[in-house]
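Listed in Swiss-Prot for this protein:
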type: DOMAIN; residues: 2-37; note: domain 'ShKT'
type: DISULFID; residues: 2-37; note: disulfide bond
type: SITE; residues: 6; note: site 'Key residue for binding Kv1.2 and Kv1.3'
type: SITE; residues: 7; note: site 'Key residue for binding Kv1.3'
type: DISULFID; residues: 11-30; note: disulfide bond
type: SITE; residues: 12; note: site 'Important for binding Kv1.2'
type: SITE; residues: 13; note: site 'Important for binding Kv1.2 and Kv1.3'
type: SITE; residues: 17; note: site 'Important for binding Kv1.3'
type: SITE; residues: 19; note: site 'Key residue for binding Kv1.1 and Kv1.3'
type: DISULFID; residues: 20-34; note: disulfide bond
type: SITE; residues: 22; note: site 'Important for binding Kv1.3'
type: SITE; residues: 23; note: site 'Key residue for binding Kv1.1, Kv1.2 and Kv1.3'
type: SITE; residues: 24; note: site 'Important for binding Kv1.1 and key residue for binding Kv1.3'
type: SITE; residues: 25; note: site 'Key residue for binding Kv1.1, Kv1.2 and Kv1.3'
type: SITE; residues: 26; note: site 'Important for binding Kv1.1, Kv1.2 and key residue for binding Kv1.3'
type: SITE; residues: 27; note: site 'Important for binding Kv1.3'
């Protein structure tokens, strides 16, 4: 679980879309975030 609620939400949202890498809105945090979640 991510410490940052926003990042955790972004991670879950990106995973739910099935494509973390191309999620432009969360692109900056997505790679690191998804590894933590």
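A Cβ is built for glycine as well, from the same backbone N, Cα and C atoms used for every other residue.
Annotated features, which come from Swiss-Prot, shown on the structure.
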| residue | record | Cβ within 10 Å |
| --- | --- | --- |
| 6 | site 'Key residue for binding Kv1.2 and Kv1.3' | 11 |
| 7 | site 'Key residue for binding Kv1.3' | 18 |
| 11 | disulfide bond | 24 |
| 12 | site 'Important for binding Kv1.2' | 14 |
| 13 | site 'Important for binding Kv1.2 and Kv1.3' | 14 |
| 17 | site 'Important for binding Kv1.3' | 11 |
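Across the fold, the C-alpha of residue 12 (site 'Important for binding Kv1.2') and the C-alpha of residue 6 (site 'Key residue for binding Kv1.2 and Kv1.3') stand 10 Å from each other. Taken residue by residue with DSSP, residue 17 (site 'Important for binding Kv1.3') is part of a helix.
Over the domain 'ShKT' (2-37), the average per-residue pLDDT in this prediction is 64.
Here the CA atom of residue 17 (site 'Important for binding Kv1.3') lies 10 Å from the CA atom of residue 11 (disulfide bond).
In the three-state DSSP reading, residue 12 (site 'Important for binding Kv1.2') counts as helix. Between the alpha carbons (Cα) of residue 6 (site 'Key residue for binding Kv1.2 and Kv1.3') and residue 17 (site 'Important for binding Kv1.3') lies a span of roughly 16 Å.
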